[in-house]
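Among the features that Swiss-Prot reports, GTP binding site is placed at Gln11, Glu69, Ser138, Gly142, Thr143, Gly144, Asn204, Asn226. Residues annotated as Mg(2+) binding site in Swiss-Prot, with similarity to another entry given as evidence: Glu69. Marked as compositional bias 'Acidic residues' by Swiss-Prot: 429-445. The region 'Disordered' feature in Swiss-Prot is assigned to 425-445.
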Amino acid sequence: MREIVHLQTGQCGNQVGSAFWQTISGEHGLDASGVYGGTSDQQLERLNVYFNEASGNKYVPRAVLVDLEPGTMDAVRSGPFGQLFRPDNFVFGQSGAGNNWAKGHYTEGAELVDNVLDVVRREAENCECLQGFQITHSLGGGTGSGMGTLLISKIREEFPDRMMATFSVVPSPKVSDTVVEPYNATLSMHQLVENSDETFCIDNEALYDICMRTLKLSNPSYGDLNHLVSAVMSGVSTSLRFPGQLNSDLRKLAVNMVPFPRLHFFMVGFAPLTSPGAHSFRAVSVPELTQQMLDPKNMMAASDFRNGRYLTCSTIFRGKVAMKEVEDQMRSIQNKNSTYFVEWIPNNIQTALCSIPPKGLKISSTFVGNSTAIQEIFRRVGEQFTAMFRRKAFLHWYTSEGMDEMEFTEAESNMNDLVSEYQQYQDATADDGDEYEEEAPVDEE
């Protein structure tokens, strides 16, 4: 029941996705080939959210792996968890998108998209009651951004009433992989604003900072970064995968987190932060977890929530935690830091509990926040976009794939609208209802 179909597109999406499957296989007691060897019934109870049961006590992820070039796929297939996935679910092209959004969205990706949708349909038909889709991708490249957003809109057409969650790696302020990142990201945002229900924004630079500052890793690898992301993804999906006192699912999360349909871009945090090798040496308490998870240095997106206000946020605690303790803690946070929360949404913190902690920890917590400060990211990308677009730099790569300049202009203004919407709600107060009075319907009785 309540299954989720997972898609991973492009190099980044496949690497993050593989780390995620590695993490949750471990939590459910599955080995690298999907055979169950766990100890607790609770690991099995809701395994079918992410896994199909095959013959011989083997579980197969409901995952569709997509890329426009075979390289990353081969790496996944020959990696430690390569035997986990169903071989038919690897869908790849040969040409690559070359960091070009238009190739991913209109030419190369569009040729491959029907094959992917066949696999998605087959996975969806295997579900008793499909809850929704989650996709991991980056917004800066070509495949994850261009083809990823194409898949999202196609799936949206076919399954309009199912949830669509995306884990999107957004371009970071200082670390850039490609020159045309601002173009790709803006074109993707244009799509995500319309077609995604919840987007968890992750950003490499923030992850680097966490690795270096908190985990004291002098030279973090992508493996370390993906380990952090998979911890958050595992945390967000916890209450779907394990029984808990206060369960939430993708839809409940969205209902509690998204006050206005376009504003569905979340910051995420996790506590206690540990590197794969080192585990926490001291007993962690709920106040400490809360402290760490709400610390701006621990946010996995490079924007500081102190520059904005939280519309809503959600916390997921795992392990042996007392419900009352968590609620008191949350209440006190809201009272102490009331300036960081908008006052026109009275109880804007949602809490979920799950009794099973992640592997190697006693208790942990995951934080998801819908903060107006996320506009920093969009504003930054928008400025870089405008700087290049004004000179029409690199545009020929996109127009030669059949794109129109209009589309760039639309994406740019959509992104600017998003920034100003966030700003508008950041400045709104509980009692400035006067400006809307004249629009209120008049009761003629």
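Each residue, glycine too, has its Cβ placed from N, Cα and C.
Feature map: Swiss-Prot annotations on the structure.
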{"residue": "Gln11", "record": "GTP binding site", "CB count, 10 Å": "25"}
{"residue": "Glu69", "record": "GTP binding site", "CB count, 10 Å": "19"}
{"residue": "Ser138", "record": "GTP binding site", "CB count, 10 Å": "30"}
{"residue": "Gly142", "record": "GTP binding site", "CB count, 10 Å": "29"}
{"residue": "Thr143", "record": "GTP binding site", "CB count, 10 Å": "35"}
{"residue": "Gly144", "record": "GTP binding site", "CB count, 10 Å": "32"}
{"residue": "Asn204", "record": "GTP binding site", "CB count, 10 Å": "24"}
{"residue": "Asn226", "record": "GTP binding site", "CB count, 10 Å": "24"}
Assigned conformation of Gly142 (GTP binding site) - DSSP reduced to three states: coil
GTP site span - longest C-alpha distance across Gln11, Glu69, Ser138, Gly142, Thr143, Gly144, Asn204, Asn226, in Å: 23
